[in-house]
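Copied over from TrEMBL, here are the features:
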ACT_SITE  H38  active site, proton donor
BINDING   31-38, 150-153, A179, 187-190  ATP binding site
BINDING   Q62, Q156  (R)-pantoate binding site
BINDING   Q62  beta-alanine binding site
Amino acid sequence: MRIIRTIPELHAARAEARAAGATRVGFVPTMGALHEGHLSLLRAARAENDVVVLSIFVNPTQFTDSSDLDAYPRTEEADAELAAAAGVDLLFAPDAAELYPAGYATTVRVAGPLTETLEGAGRGQGHFDGMATIVTKLLLAVLPGTAYLGQKDAQQLLVVRRMVADLGIPTRIAACPTARDQDGLALSSRNVRLSTAERSRALAIPRALEAAAALVAEGVHEVAPLREAASEILAAADVAPEYLAFVVPESLAPVESVTGPVLCAIAARVGEVRLIDNVVLTPTPVPTKE
Ligand code: AMP
C-alpha cells in the first residue's frame, strides 16, 4: 500500500496503475478513525476493482460545529495498518492545504430539500456544502469508476448521487448497508467519545428504529403510532431526538403512512456526541383474498 499526500502524486499513481492494466478503480472516501463500517466498504471495493483507493481527510469545511471538529478522532497510524490489511492499494491522506490551498474560492452546493432538511436543518447549509465540495474534489483527484458510500449516512448518499448526476461525474455510487455492533449500535467514529453510560443510552436509537420496523412488519402502516413507539423508547433512555423523521427515501418528503419504502431517520445528541442512524421501512404486503 502506498500512502499519498498530494493530488499530482495520486494522478501519477493512477496513471501507472492504468498503464499496468488495472482499469477498475474503486474508491472509499472517509474521515478516518476506521471501524468495521469503513472496512465493509473497503471489502466491497476490493471485491469489484483492480485498484482500491481509500481517502482519509477530516474535512474542516463540513463541520459547522468547531468543537466537533476538534474532538473528531484522528488515528492515522492504526488506520494505515487496517487499510493495508483490507487490501487498499493507495491511501490518499492529504493535509488541508493540499485540498484548500491559499486563495481557494469554490463551493459545490446541491440546492433544495435534499440538503435543507434533516442533517441540513440540524447542522446548517454549510455541512452539505462542505461535504459536496470535498467529495467533488476527491472524485476529481481519484477519478474512480465506483465510489462506495454507507447507507448509514442516507442523506449524504442522496446528495452525492444528485451531485454526481448533475455534474456528469462518471462515477457509479454504490450504497453499502449499515454495519452495527453486536448490540445494534451503528458503528461510527464518534462512538469512542461515548462514556459507558452514554453508550447504553445510545442503544435507544437502534431500538427505536427496530420498534418502528417491527410494528410495520405487524401491519401498522400509519406513521403516528410508529413515531409514538419510537419516541417512547428514546424518552425512556432520556434521549431527545433532534429529528425522528419518516420520509420518502429518494426525496426526503415527509409521509404520514408507510405505503411504500419509507426512510425512518433519527439524529440525537447523547452527551456531547451527535449520532445518526436510519432504517428503511417496507410495508408488509396485504394478503390477497382467496
Ligand atoms: P465517515 O468516515 O464517517 O465520513 O464515513 C465514511 C464512509 O463510511 C461514509 O460513506 C459513511 O456512510 C460510511 N460509514 C460510516 N459508518 C458506517 C457504518 N456503520 N456502516 C456502513 N458504512 C458506514
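Just so you know, the numbers here start at 1 and follow the chain as drawn.
Cβ from N, Cα, C; glycine included.
Curation does not apply to TrEMBL; its annotations are automatic.
Recorded features from TrEMBL, shown on the structure.
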residue	record	Cβ contacts under 8 Å, 6 or more apart
M31	ATP binding site	I56, F57, V58, N59, Y72, S189
L34	ATP binding site	I56, T75, A78, D79, L82, A83, S189
G37	ATP binding site	G150, K152, T178, A179, A186, L187, S188
H38	active site, proton donor	V28, T30
Q62	(R)-pantoate binding site	G126, H127, F128, D129, G130, M131, I134
Q151	ATP binding site	L157, A175, C176, P177, T178, N278
Q156	(R)-pantoate binding site	E119, F128, M131, L149
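For the recorded site, G37 (ATP binding site), the DSSP three-state label reads helix. In the vicinity of ligand 1, defined as a Cβ distance under 6 Å, the following of the recorded positions L34, H38, Q62, A179 are placed: H38, A179. A coil conformation is recorded for A179 (ATP binding site) in the three-state DSSP classification, outside any helix or strand. Secondary structure at M31 (ATP binding site), taken from DSSP and collapsed to helix, strand or coil, is coil. With a 10 A radius on its CB, S189 (ATP binding site) counts 19 other CB atoms from all the protein chains.
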